[in-house]
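Asks: As annotated in TrEMBL:
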type     : residues : note
ACT_SITE : His306   : active site
ACT_SITE : Asp363   : active site
TRANSMEM : 364-387  : transmembrane segment
Amino acid sequence: MVDNNATLNLGEQSLDLPVLEGSCGPDVVDIRKLYAQTGNFTYDPGFTSTASCESALTFIDGEEGVLLHRGYPIGQLAESSSFMETSYLLLNGELPDQDTLNDFTHTITRHTMLHDQLRQFYQGFRRDAHPMAIMCGVVGALSAFYHDSTDISDPEHRKISSHRLIAKMPTIAAWAYKYSIGQPFLQPDNSLSYTGNFLRMTFGVPAEEYEVLPAVERAMDRIFILHADHEQNASTSTVRLAGSSGANPFACVAAGIACLWGPAHGGANEAALNMLQEIGTPDRIPEYIERAKDKNDPFRLMGFGHRVYKNYDPRATVMQKTVREVFEALNVTDPVFETALRLEELALSDDYFAEKKLFPNVDFYSGIILSAIGFPTTMFTALFALARTVGWVAQWNEMISDPGQKIGRPRQLYTGPTQRDYISLDKR
Ligand code: CMC
């Protein structure tokens, strides 16, 4: 893997640093010995130039707008795979054959129920709690209910806890929604698909049969595929950092959910639809574009821009297509979609967005689909968390399985006071 060396000159000192080559993407300068050999740290807040780990799961080429899971392009997975199959792929590295996929789906299906005492746990939340607040709490609480799978040094425990997290997340998210609208919780129906089951637990009521519409089920499954993993994003890095101390996977995923909630990350889907609704009609778009460009205005175009993509986010392409499919299947339209298309057109023809390479990201169109299906905006990020759980556990497993894994412990550039003596209160 070592291709060549980079030479770093620090005053009189000169240091050869190995340059490591991955299978795709930029080479990395290995600075692990820098501090020991020179007493210097590197400085990279926000990790704009830092590879925090080695990973074989997901690759993004931000310049070209490419996203691969275990080598497979996201467009192909969204078109031809299922969320269960993509989950297996992320966890295990290869596409399953039919029997293996059946076994995996069966295992996940058998873990969809929640411990009955968790029902009471929901009652502790305020009636109008945000679903993400409930998700953080309930997922963290899973470690109090499933002690038998929290020995992270045991690969079998890691596997069971991973399956439990993926399987229980739809039930947890659906119940968060049911709780917020005062409807009874529905138990999973294991005769349905992963996604169909989630739709029924979310929109069904005990008094009536719920029919899962195949087109909606397919669209929802595709949305899950599009959110399944995304390399070392903020929430995944949070899960890895939490896990690096040896914390159990339920606690780590709860930390990931907390990070995902922010509007710069998973919370952007909720913020994007709110913004589009606030804009209302296409004639108001220029006003919002001007605001987004104004340095003195904190407003940003939500669902636009990305740390890694400096081209069209390939997930947004699939999302835009899926909006049309869902509208057609449900025989609905939404003027917000017209506003979104026009906003995209105007922003992409504006110098500010062109120069900064700001394009629509996954969150720009997803809210329009979710809203058409019937989800309130507060559920959008919860759905992102549901799907991203597979990426979180796959990345967590990859990290824990690495024999060289160390606790994540960054250092800092200290700019506070230098050492000084304590002054007693009566002398201040
Ligand atoms: N609207 C207006 N200006 C923007 C936007 C935007 N959405 N995004 C970035 N910029 C500008 C920003 O002001 C900065 O300008 P300057 O260089 O003059 O200071 C420049 O573009 C670079 O932005 P940055 O904030 O330094 O870039 P970043 O890589 O740290 O941030 C981002 C990436 C996604 C947080 C940011 O683009 C953003 O806030 N977008 C809106 C929120 C959003 O849609 N987030 C979802 C991301 S995709 C889903 C996910 O992975 O969670």
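Even glycines carry a Cβ here, placed using N, Cα and C.
Remember, TrEMBL labels are computer predictions, not curated facts.
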Asks: Restricting to the same chain and to residues at least six past its boundaries, which positions have a Cβ under 8 Å from a Cβ of the transmembrane segment (364-387)?
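Replies: Residues 83, 130-132, 135, 169-170, 173, 176-177, 180, 198, 202-203, 216, 219-220, 223-228, 256-257, 260-261, 266-267, 269-270, 272-274, 276, 302-304, 316, 319-320, 322-323, 326-327, 330, 332, 334, 336-337, 340, 344.
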Asks: How big is the Cα-to-Cα gap, in Å, between His306 (active site) and Asp363 (active site)?
Replies: 11
Asks: So among the active-site residues His306, Asp363, who's got the most Cβ atoms within 10 Å?
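Replies: By the 10 Å Cβ neighbour count, Asp363 comes out on top.
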